[in-house]
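Novice: Questions regarding the structure given below will be posed in turn.
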Amino acid sequence: MKLVIVESPAKAKTINKYLGDEFKVIASFGHIRDLPSKKGSVLPDKNFLMEYDISDKAGKYVDAIVKEARKAEVVYLATDPDREGESISWHVAEVIKEKNKVESDDFFKRVAFNEITKKAIMNAVANPRKLDTNLVNAQQARRALDYLVGFTLSPLLWRKLPGCKSAGRVQSVALRLICDREDEIERFKSEEYWDISLKMQNSNNDLFTAKLTHVNDQKLKKFSIINEKEAKDLTQKLKLQKFYVEKIEKKQQKRQPQPPFITSSLQQEAARKLGFSAKKTMQIAQKLYEGVDIGKETIGLITYMRTDGVTLSNDAIADIRKLIDKNYGNQYLPIKPRIYQSKVKNAQEAHEAIRPTNITYTPDSLKQKLEKDYYKLYELIWHRTIACQMENVIMDLVIANLASENKEYLAKANGSIIAFDGFYKVYRESLDDEDEEDNKMLPPLKEQEHIKTKEVIPNKHFTEPPPRYSEASLVKKLEELGIGRPSTYASILSVLQDRKYVALEKKRFIPEELGRLVTVFLVGFFKKYVEYDFTAGLENELDEIAAGKLEWKTALNNFWRGFNHNIESVNEQKITEIINYLQKALDYHLFGEDKESKVCPSCKTGQLSLKLGKFGAFLACSNYPECTFKKSIVSGNDNNEDEGDPSTILNDNKILGTDQDGVEIYLKKGPYGPYIQLGEQCGKVKPKRTPVPANLKQSEITLEIALKLLNLPLKIGIHKDSGEEIIIGYSKFGPYIKYMCKFISVPKKYDFLNLSLNDAMKLIQNNKAKLEKKYG
């Protein structure tokens with residue numbers, strides 16, 4: 001009997017049908033050995049000896065493997081074709097050697113395949129190799145590094161930062177990215193700027209829109225027009241001008257398809273198009289790879305899903321091109337196959353890109369046979385694979401340059417149309433921030449043609465801070481920096497959320513206070529080890545180990561020597577030194593720029609400062625013990641809060657920007673929650689204030705939103721039937737419409753700050769209908 005060992009029962013079931021009766025396929029159910037979660041599992045003083053244990057969960061599977069191996073003439077190790085798969089095979093072989101007293105390595109044959117198809121399996125079995133010790137050592141080095149960081153840094157965190165749960169070699173760097181972005185957002189000061197749009201009409205009475213680009217030969221920049229007065233003055237001048245078409249430019253633009261999916265791009269696109277988390281994407285992809293039941297049989301539908309290679313096999317390309325020619329026509333088929341090269345930092349490119357194993361299994365043919373989410377992901381992979389070998393999209397672009405008759409003002413109008421849809425026929429890549437109009441057409445225009453200015457529209461804008469990371473954009477950033485590996489991204493994001501270091505709100509990552517504390521501590525006392533370049537450099541070293549260019553224990557020794565010295569140094573630091581550093585580093589985040597926000601809300605004379613207690617970090621009054629005010633700054637850690645009003649702590653008290661008169665607008669916190677304030681209090685004259693609606697998070701409040709809130713109640717418009725005003729406002733009961741002395745609540749599904757006149761009239765009509773139904 002020939003024994004074949006794979007990781008999962010699903011994979012075993014699929015492979016078993018391709019091999020004859022002389023083979024027996026069994027599963028290891030993942031890793032059978034690992035480093036136990038205790039001190040001493042990796043021993044630097046003993047040349048980094050690693051003490052592996054068989055887990056209780058894996059015990060029964062190991063017994064079965066050992067028992068079957070005793071009957072076998074040969075053992076085929078058929079785990080996944082990457083470092084982790086190589087490592088699992090090595091552990092299986094080591095356990096069999098130990099338990100069955102096997103001395104010869106010839107008893108084991110390593111078989112690797114990129115897809116679970118009969119052709120790939122039979123070819124792998126016919127061409128076995130030996131275990132690749134370089135790949136095994138690279139995986140052992142990664143595991144040792146992660147252990148050494150986790151099991152030396154985490155206990156130090158527990159002592160120095162009570163309440164913090166863990167630190168990890170890669171997770172801490174990903175957390176720093178999220179926290180650094182939040183710092184940028186908090187310190188960002190929104191600035192006002194304007195641009196001018198002109199609604200124009202050609203000689204055929206066709207309307208189009210242009211944008212003012214030059215005034216008196218000076219090109220307008222973003223901040224050329226910075227306030228309403230300047231915008232209105234310019235608007236009045238433009239209304240007096242007559243424009244004509246000075247020049248028309250026409251050109252073609254070609255758009256090339258994106259490469260086939262790699263792990264990171266699949267996670268990003270599944271997040272954007274399907275709303276899947278990275279974890280969910282990988283779970284479904286794993287099932288599609290290992291084999292799913294499609295009615296008549298169980299087959300592996302996609303190639304291996306942990307890869308950073310963008311190449312496709314020659315056979316796959318030939319099949320794809322054949323299908324394109326048959327289904328879409330020769331005009332969609334390039335003369336030559338497209339060959340892609342990876343742009344990923346540290347790409348290993350050992351495997352093909354992610355593609356269907358059989359391109360003739362179209363999504364439509366499988367729609368009734370796959371679970372809904374399995375179908376969605378397969379459809380995404382299939383379309384991307386087809387598109388990557390299709391012709392370019394061709395865009396016809398038209399640019400109309402307009403000039404005033406006195407040449408003082410220039411404007412520009414752009415139009416585009418898809419001349420040939422190319423790969424758009426089957427697939428378009430999504431973007432995090434899409435702002436693309438492929439079919440914004442201009443009406444027919446001729447050079448020197450005089451055109452009418454129907455309307456001049458000044459547009460007010462505010463600069464916005466960089467957006468928070470989504471799962472897709474964070475994976476992309478990690479990939480760009482060379483941090484982590486395709487197989488690790490999903491687990492990194494999950495761990496950060498499980499540890500309560502970050503929250504995912506509206507599909508964007510927001511750091512929790514606990515996460516910010518950990519990051520500030522690590523940046524202050526372990527800066528080298530959370531630097532992006534250093535972490536990427538370690539990935540390079542692991543690649544060199546895998547390639548046989550670097551001895552793995554040399555790499556571990558180089559890392560450990562400096563890291564252990566850092567640990568010992570921080571262990572000796574006094575807790576007061578750490579608190580003082582944290583206080584200084586978190587000062588802006590906790591209190592903003594307003595010195596008053598540090599005043600104790602209980603005694604009114606003491607100053608709030610950061611303290612560390614057994615339940616975590618908290619703010620306390622400097623007048624202790626006379627004043628015992630305390631407030632936890634970590635959500636869920638309110639054990640140390642016994643006096644004072646917690647809602648009065650000013651954790652978010654910052655300047656959002658200024659209004660058109662230059663008066664500063666603040667976001668503050670008071671006894672009844674957060675509120676917006678216009679200017680400072682002058683004597684007994686209180687500044688204008690307005691509460692922040694309960695459905696708005698403080699982190700979402702921008703200058704633009706604050707200005708809208710301060711302007712409430714606000715006239716939306718005139719009711720077309722009655723001629724009466726419709727007013728939008730906000731009270732302690734929530735947003736409302738005021739119409740003919742009646743107050744009508746605005747449901748949560750509406751964005752009341754941007755409520756349209758039509759929606760307001762619908763709400764008025766619905767309210768009227770309800771009253772008529774109720775009272776007759």
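Cβ coordinates are placed from backbone N, Cα and C, and glycine is handled just like the others.
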Novice: Given 166-171, 178-183, 766-771, which one carries Swiss-Prot's region 'Interaction with DNA' label?
Specialist: 166-171
Novice: When you get a sec, could you say which of 40-67, 404-431, 488-515, 600-627 is annotated zinc finger by Swiss-Prot?
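Specialist: Here Swiss-Prot associates zinc finger with the stretch 600-627.
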Novice: Within 10 Å of the Cβ of Trp158 (site 'Interaction with DNA'), how many other Cβ atoms are there?
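Specialist: 13, counting other Cβ atoms within 10 Å of Trp158 (site 'Interaction with DNA').
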Novice: Tell me whether Arg306 (site 'Interaction with DNA') sits in a helix, a strand or coil according to DSSP.
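Specialist: It is coil.
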Novice: Using DSSP and collapsing to three states, where does Arg499 (site 'Interaction with DNA') fall: helix, strand or coil?
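Specialist: Going by the DSSP assignment, Arg499 (site 'Interaction with DNA') belongs to neither helix nor strand, so it counts as coil.
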Novice: Cα distance, His31 (site 'Interaction with DNA') to Arg142 (site 'Interaction with DNA'), nearest Å?
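Specialist: His31 (site 'Interaction with DNA') has its Cα 15 Å from the Cα of Arg142 (site 'Interaction with DNA').
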Novice: My understanding is the cutoff is Cβ-Cβ under 8 Å with a sequence separation of 6 or more in the same chain; which residues meet that for Arg306 (site 'Interaction with DNA')?
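Specialist: Once residues fewer than 6 apart are set aside, Arg306 (site 'Interaction with DNA') is near Asp80, Asp82, Glu84, Thr263, His351, Pro486, Ser487.
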Novice: Counting only residues 6+ apart in the same chain, whose Cβ is under 8 Å from the Cβ of Asp146 (site 'Interaction with DNA')?
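Specialist: Counting only residues 6 or more apart in sequence, the Cβ neighbours of Asp146 (site 'Interaction with DNA') under 8 Å are Gly168, Arg169, Val170.
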Novice: Per DSSP, how many helix, strand and coil residues does the region 'Interaction with DNA' (166-171) have?
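Specialist: So the region 'Interaction with DNA' (166-171) is made up of 1 helix, 0 strand, 5 coil.
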Novice: On a count of neighbouring CB atoms within 10 A, which of the recorded sites His31, Arg142, Arg143, Arg499 is highest?
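Specialist: Counting every other Cβ within 10 Å of each candidate, the maximum falls on Arg142.
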